[in-house]
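Visitor: Let me give you the structure first, and then I'll get to my questions.
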């Protein structure tokens, strides 16, 4: 793997649940993120997938220092950024930028596009000399495929896809090394999603960016990611390269998730075996003992309630080789192919 | 992207019932038609990820614009703003120099002509004390406009600063402030005025202004707090924070412009009630005292004679109504100008 | 034929002028059949459904032409109270956002029972029993206890089940589902789609599934109608369409979605943006974005050409498109 730019270790975020008006008493906590470890290599894309409430958006906020973690470390180039504040934090922020999900609320409706994209330079005056800022803003708009003449327009004059481009231009302004993208295309139309994904692909090569790409859409994550981490109830349950996760999943949750994704191929519907999970995701305030997936797992046995499976290569695969050997937090991990094998190359036409 | 149900669309978007994307596309098409090179646009052959969206090159961008310069440009062309601004300007001028348009003395009265109708040189007639209604209405502008404008400014500033900060920072101070506003809401205005103002001996408008600010700020503070909390939850605030923006920058650049609209609306409506409140207090004898002249004093003095001499009531009341209307219209125009979506 | 929409036209008055949301839409649904109406936002797919249900906001909306035949009867000619009797009892709708479609201050049991009381004149007590039965049908665990819960006490998937239960309460012949699973997670989405398909088979309902998700369509639909700028640009049995699309827009959509089963390089992206409905381009509405566009496309709007007996394509060059 490439040289790591970001190392996350034991990241925990608990939100206290309190009761009482005057004298607040803590009665529990919502364990949004409950021990997450991963490494992001230079120029690499790490995809984080999971259903709503699994804590993937909280991870994004923690990485961008929008929330302070309850415990754990986020090391950027070896330095733990969770303890930073003031000037040192501001300096680190230049290097980790975020692209938001909703292009309709992530741009201030009362600022012009030029002001929005140029704001990073006002906050970090050292990044660009004052006289050069307007030129840079126009250059950024050009880079993300917007006409630089748009600087004086307001966000509402743009479509969703164009707004997301503006958000990306703002994220690029300070030439960050890492971009954390939280569901960047899920609010866009299908035909526009492809434009934005291609743009992000192109920018990654052009600016040597590392992406943390958070999404619930497994197809998009596969398309853009080098490595994938599957989250469930605040923890990563399986992680590996895209082939390892998609073609050789060993965790039952990943298998169920993959089997549930509708594939745009009507012939596949007879061939596919669906794993339909029963029930709903438990509340993150009341996490099941042992393996947190056991309440919905089709393989759960008694041992699962007692033992917490670690995220490591499962014992079954200790002496094996091949793509099935990767980290999977399951006591009874076994490979199960759920995505139908492709029969004919149906590439871009 | 899922289509928004039409009921969800707000404001400008509601017109089509088709959800936001369509309206956004609408503005796109306007520019598409203007684009040089015909409907195909220059972006065509460049392929995916190229500049396919950038077809609608607008007119050449001149100076960089901002919300405030755009708002000002917009206001200058808005007839509602121009009319209300002219009315307010006129009020300010006669409040400062009433003798410009009224040659008489508001305190020279002739009881013999009490309740008389219009006469040459006295176009508005006479009030119950035989004073010239025209002169008194002109001179009354000073006290009423001063009370209205100063009280509103004071209330808006104090209320929005306290409410805004409480909404932005939350926590203990927010809870504390909320309880304080509750206490102030519980004070009955008239009774409070009777108690507090009866100990003041000054015969200027300032004790009245101070009293209105004291009782008026909690209302604005609640509204400001609520709209700051709403604005704070938007992603663009998070985005600014992720860029490393300071709290003051976030408050001034991002939250204030997006939270100010309801404050403007409520404050301009409150302006009228403050002028009326001054009248009530004066009527009760704790506001301005004669020989001060104000619309409030005249309205309350004329109200017993409404059957015999309606003109004595209608002129100052009409002046009050026009003043209030002008400020409300001004507030509306400013609020709309600060919303780029309505341009 | 259960439902037949013929040349439906709907306009909206907006500040920018008249928006032509639906411009001559024609489709049919048979009993027991699933028709998927596929389109992006602003394509008119939801407006068509609202016109069929008779819940279009008028004004600003206005139906300017066409017929909506339900069991041979033109719904547009009926009086409002006659339509109300059909709505709910014979045709029902499932909305995307179950949380806002359910009344937050009434228990779900009351809301389900209401259907029977209003339409069937059932007594309160019987209606309540029927409500529990329905919740059982859509497989809500412990229905007898949960009938007294409020909507917010259910998860998203469970709420969508309650919406389905409400739509199916009176065993309608036609159900229109407007993005029923868009707001749900994939694992829950699979549960809900399965349930819907099963109930459709059981009641032999006609189902109109409105969606933007090509994956969902491939999973459940029999036939598909692709909408663009208020028109149907292609309609075909679902297998035929995915094998060989006969319209460049459909082809573009199919090529632009990332696939779970293959790691492609660059995605094909349809250039440009969907047109504004106040200024739909002359000729073929898709021509500014179409890679195959020629002069005739800029001037002559293509009719829905018959590709074969069960397929239609609104493209002058459907033959070339079909050949790839």
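Keep in mind that glycine also has a Cβ here, set from the backbone N, Cα and C atoms.
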Visitor: Checking feature assignment: transmembrane segment per TrEMBL, candidates B:49-72, B:121-144, B:145-168. Which range matches?
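Guide: That would be B:145-168, the stretch labelled transmembrane segment in TrEMBL.
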Visitor: Can you identify, from B:291-312, B:313-334, the stretch that TrEMBL calls transmembrane segment?
Guide: B:313-334
Visitor: Tell me which range among B:20-39, B:180-199 TrEMBL lists as transmembrane segment.
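Guide: Within the set B:20-39, B:180-199, TrEMBL attaches transmembrane segment to B:180-199.
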Visitor: Would you please say which range out of B:240-258, B:259-277 has the annotation transmembrane segment in TrEMBL?
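Guide: Range annotated as transmembrane segment by TrEMBL: B:259-277.
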